Amino acid sequence: MTGLLADLLIGAAILALAAGTVTARSAFTATAFFIAYGLLLALAWVRLGAVDIALTEAAISAGLSGLLLLGAASRLAACPVAEERAPGPVLKALIGLCCAAVSAAVGYAILSLPEPAPSLAEEAMAHLSVTALGNPVAGVLMSYRALDTLLEAAVVVLAVIGVWSLAPAGGWGGVPGPIHPRIEQGPLALLARLLPPIGIVVAFHILWVGSYAPGGKFQAAAILAAMWLLAWLAGLATPPRISSRRLRLAISAGTGLFLAIGMFGVLAEGAFLAYPPALTKALMLAVEFALAGSIAVALALLVMGPPEPEDRA
Amino acid sequence: MNSAVSLAPTPWGLLPVLAVMLPVAGMVAALPLGARGAERLTFALLPVGLLIAIGTAAATYASGAPLVHLLGHWAPPLGLAFRADGLATAMLLTAAIVIGATALYARAEFGTPPGTPERREALSFWSLLLAVWGAINLAVVADDLFTLYVALELLTFAAMPLACLDGKRETLEAALRYLMFALLGSVLYLLGVALLYGAYGTLDIVLLAQRARAAPATVVAAALMTAGLLAKTALLPLHLWLPPAHAGAPAAASAVLSALVVKGSFVLVVRLWFGVMPGLPAPAAAQVLAALGAAAIILGSAAALAQARLKLLVAYSTVAQIGYLFLMFPLMTAAIASAEDAARAWTGGVLQAVSHAFAKAAMFLAVGLMAKGLGHDRIADLGGAGRAMPLCLLTFGLAGLSLMGVPPSGGFAAKWLLLTSAIEAGQWWWALVILGGGLLTGTYVYRVLAVALTQGNGDTAAVAEPKGQAWVALALALLSVVLGFLPLGAFGLVQIGRLDLAIGGAP
């Protein structure tokens, strides 16, 4: 009973925060609502027993995306641009109607789904011993659907290229993002000194347990990126210039290694991304660690943004 | 009934895997290699990619069945499969050729001579070009709806920066609007994917084809996914983002965007309608799709006719030509009784996608050269361009023939197949649309040629035509024409592995 009550409360709060995000007048308020919304959504995933998703939701959508949106909001506040024409009442009503129709259709479809839902969970568990993993989510990510993970890692590399391609004229090759003056006092300065050692240990723990418990490279990478960003915001760490060969290698190394191991599977086992049984565990660990590092660097660079013109920096 | 559709791995099944992984690996390596390295790597990969595409087509044709590879030996539903059918091989070949031609053309603008510092545009262009190539190949060979979602993501995130590569304010705005439409499309597609998994416990297209029933979840999922994919394909009325995005990009980028990127999501609509749910009769919905296509043909062509700028004219022509692609849907669903008519509509649709890719890439490249040579792309002031840039104008004219559907050309074969299929199916109104669209296309192509062939006011004498680039564009235009000379039997290739044939009509 209390469980149901808690679920209802979480659900209502998520809806209220979503409404708040949409209706907020200032970008800052909307972002604050959005971050709270992401955290509550993570809670909802915990209630559904999907701890892996909850971790990702909290780290990526609430944490890093929130930080990104805050940065965008503060930039927009600093140099206000001409507001686009707000949609009129008719258009607003139309958009509302479309959203309501989609929600109603999805709700109807979900209620009509078969009970119990057809699921691959049993099959995923049955083959888990072959994958040398103890966590079925890791099994899906690293073995059954390893291709999707590899391609998503490539999307992360592509995202960095995409963000850098938006660099304004005059800054190519320079230091990514705005330069933050060194902060000596206040909570940020303290946190930036105190948190990173702890964060790094936590990230390694989450990465290591990922093979048999909730966790893994994406969550660990998000935490590592957050630690770097903290030091960056406090002016304690200057990122390398984007022309740096080493920085670029760090971004590509994880995905590159995964691709190479995939091709090795072709030679050794006759299928792309097939792991030789004796090497399964070692190869997966190598990919997990390399990807965690590369994704951490990429995520931090995505938040920092493209290099800015040298004269303004 | 399912014996015809097997997901057992086949010999040569690795070819489609390589077709995807080589460009993706190239994109990943481009970053540390730098702009010059990325350019050289692209040129090293181009012939290999073309050979792989030819090999895939040859192996598919020889065996008469799709090439299948099971990733990591895991079979669906637990694992993922690549399945290169006739449609996929046609698109692999098209992508390899268009990407190759665009790369040759783009060297002049995005090349990095030895000893010069890296430029933002150069690194971005070569890595994004490789990303588009890998993404389009993935979108046509992947057999899993979530892997296809990743393909759409790759395609969007590669195409969007290409649209605003020049960094101007207007193109950034256009790219941002494109991103909004594309993300809305992604969300709707993903919602549908989740519903299908909840209903059937698999996302593999071949397995779904055997399991899907006309349940509420299937219908809602199909509607959401179709709407999302239409936003990405820019079918009217969701086309608003396309003209500014495609017209504002550098010519080489426009060519890839118009020729290939919108075709990726189109192939997914085809997979959804004739792969995931071949047994679900939806004649009314198919009529709606084709009606939107017809509106796109008429309104898009009329808008092209009204443009004052050449690049925007070509972009609106893409809006219209996308419309033709959707005429195959009611013809396929109506023709279940007559296998021959369905086959004709299918070939017509695929041929339209391929011939438009060549013609439109050629047109954008030629128009880009003209805009650069003349210093503007105002149609009214094109006088004298015919004398100054004869190859470019010839390219524009030949590509225009294919777009109009004048024989002999690939565009003619495509439109003729659709037209006869429409008449056979008793849906003569689509035939009228095809003829009307051809007339409108002819008018806007003629309008450009007529002005360009006039004497002009003489200040075009100093304009030199870059011969190498112009020949690349002309070669693409010739290819779109030559497609029309192929005997119809050669198109048997695109019929291989059609899921609606194996399973259709038996829900």
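Any Cβ shown, glycine's included, is placed from N, Cα and C.
Copied from TrEMBL, the annotated features are:
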DOMAIN    A:13-76  domain 'MrpA C-terminal/MbhD'
TRANSMEM  A:28-46  transmembrane segment
TRANSMEM  A:58-78  transmembrane segment
TRANSMEM  A:90-113  transmembrane segment
TRANSMEM  A:153-175  transmembrane segment
TRANSMEM  A:187-208  transmembrane segment
DOMAIN    A:188-303  domain 'Na+/H+ antiporter MnhB subunit-related protein'
TRANSMEM  A:220-237  transmembrane segment
TRANSMEM  A:249-276  transmembrane segment
TRANSMEM  A:282-304  transmembrane segment
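When averaged over the domain 'MrpA C-terminal/MbhD' (A:13-76), pLDDT in the model lands at 90. Contact between the transmembrane segment (A:187-208) and the transmembrane segment (A:282-304) holds: at least three of their C-beta pairs are under 8 Å, each pair 6 or more apart in sequence. The transmembrane segment (A:282-304) and the transmembrane segment (A:153-175) are in contact, since at least 3 Cβ pairs between them lie under 8 Å (pairs 6 or more apart in sequence). By number of Cβ pairs under 8 Å, the transmembrane segment (A:249-276) is matched best by A:153-175 from the list A:28-46, A:58-78, A:153-175, A:220-237.
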